[in-house]
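Features reported for this protein in TrEMBL:
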| type | residues | note |
| --- | --- | --- |
| ACT_SITE | D40 | active site, proton acceptor |
| ACT_SITE | D177 | active site, proton donor |
| BINDING | S13, H72, G148, F149, G150, G151, G179, G199, T200 | substrate binding site |
| BINDING | H38, D40, H72, D177 | divalent metal cation binding site |
Amino acid sequence: MAKTGVICKIGPSVLNTDLAELHNESQRLLDSGADYLHLDVMDGHFVPNITFGHPVVKCLRKKISDAFFETHMMVTKPEQWIEPMADAGVDQYTFHVEPCSDVLFVCRKVREAGMKVGLALKPGTGVEAVQQYIDQADMILVMTVEPGFGGQKFMKDMMGKVQWLRQNYPDLDIEVDGGVGLTTIQDCAEAGANMIVSGTAVVGAEDPGKVIATMRDIVEGSIQKCQLER
């Protein structure tokens, strides 16, 4: 892994919580040491499932004023939801490049709306699909499962994308999402991921704080090792 100045951030996926208790569950994750909340938005078109949209996010923001919200937009028309999500108080708008006909336009609109830009890749999409847009993005999300369903097995072969991104963009925030937990975090950390989305492994743990702390230690260890190699 190439030298890097990035820091570790752990963002549990709230989709795995009891959504009837979304505020309390989200606060519990933040109190357990989460750096941000990862909010999975699905439209039933880009992926077959439907989750929640900007009205729910806006309600959550009213309850939690100071946390960093990242929305992972698994939607066919990412440009359609930029303003509603900005109005809902979202900090980072991460959208998939696959259904997007004009990635640069969406990046610009997201930034104009006051949000950070994240670009997401499905497992079957190569890093060349985002290479020309990286200078317009704050973060690249490498999916390590097929988007749309929880509880899938971690795809270790996706780590090649993470390694390439880290080697070529040492200061880029690189996020992994899907099947990430205590048994797979080492692979993610060694490949160069610094932003970690974890669902079941954190939410379903008896002690979420311990899981978050353990994953953080492993990621920070890899980051420090790279800094020593400078």
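Positions of Cβ are set from backbone N, Cα and C atoms, glycine also.
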Apart from the site residues H38, D40, H72, D177, the 8 Å Cβ neighbourhood of the divalent metal cation centroid comprises G11, S13, L15, L39, E70, T71, T94, L141, V197
Note down the number of other Cβ atoms within 10 Å of the Cβ of the residue listed as 'active site, proton donor', including every protein chain shown.
24
Do me a favour and check the Cα-Cα span between S13 (substrate binding site) and H38 (divalent metal cation binding site); whole Å is fine.
5
Subset of recorded positions (D40, G179, T200) lying within 10 A of H72 (divalent metal cation binding site), CA to CA, in sequence order
D40
Can you tell me the CA-to-CA distance separating G148 (substrate binding site) and D177 (active site, proton donor), as a whole number of Å?
11
Cβ packing number for the residue listed as 'active site, proton acceptor', 10 Å threshold
23
Residue among the binding-site residues G148, G179 whose Cβ has the most other Cβ atoms within 10 Å
G179
Students should find that the Cα atoms of G179 (substrate binding site) and H38 (divalent metal cation binding site) sit apart, in Å rounded to an integer, by 14
Within a 10 Å radius around the Cβ, which one of these binding-site residues has the most neighbouring Cβ atoms: S13, T200?
S13
H38 (divalent metal cation binding site), Cβ-centred 10 Å count of other Cβ atoms over all protein chains shown, is 27
If one measures from the C-alpha of the residue listed as 'active site, proton acceptor' to the C-alpha of the residue listed as 'active site, proton donor', what distance in angstrom results, rounded to a whole number?
11
Around the Cβ of H72 (divalent metal cation binding site), other Cβ atoms within 10 Å, all chains included, total 27
